[in-house]
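Visitor: Quick one: the structure is below, questions incoming.
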């Protein structure tokens, strides 16, 4: 039995379905990046809201609806990309990731702040006020 070809013995004109990758438009990526700065672990409710928001934004460019699972995977991948290399982790202070996140929040433009959900916008604006930025 050859497990290398799962369709062996089946009709050769029928190939297994392949899934297309989600091509994230620039505007959607900015929304996800901004949300990541505020909350790296969004709740299911927030992921559903983000999926709906991005689905409305990308309805002309993406055929299938964006799911909360796609949002979850994006956040998982983003967190993984943000992790420092093993050697760096040993030498860096524990406060460094939070400091980096604070710096990113302070770099948000007024338009990015306005695009945030109310709760996250209030948090970001309070950080700006504390730092004398707004």
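Every residue, even glycine, has its Cβ placed from backbone N, Cα and C.
Okay, so TrEMBL annotates it like this:
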DNA_BIND  17-86  DNA-binding region
COMPBIAS  82-95  compositional bias 'Basic and acidic residues'
DOMAIN    15-85  domain 'Homeobox'
REGION    1-21  region 'Disordered'
REGION    74-99  region 'Disordered'
Visitor: Of the residues in the DNA-binding region (17-86), how many are helix, strand and coil by DSSP?
Guide: 43 helix, 0 strand, 27 coil
Visitor: Please work out the mean pLDDT for the residues of the domain 'Homeobox' (15-85).
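Guide: Reported value for the domain 'Homeobox' (15-85) is a mean pLDDT of 87.
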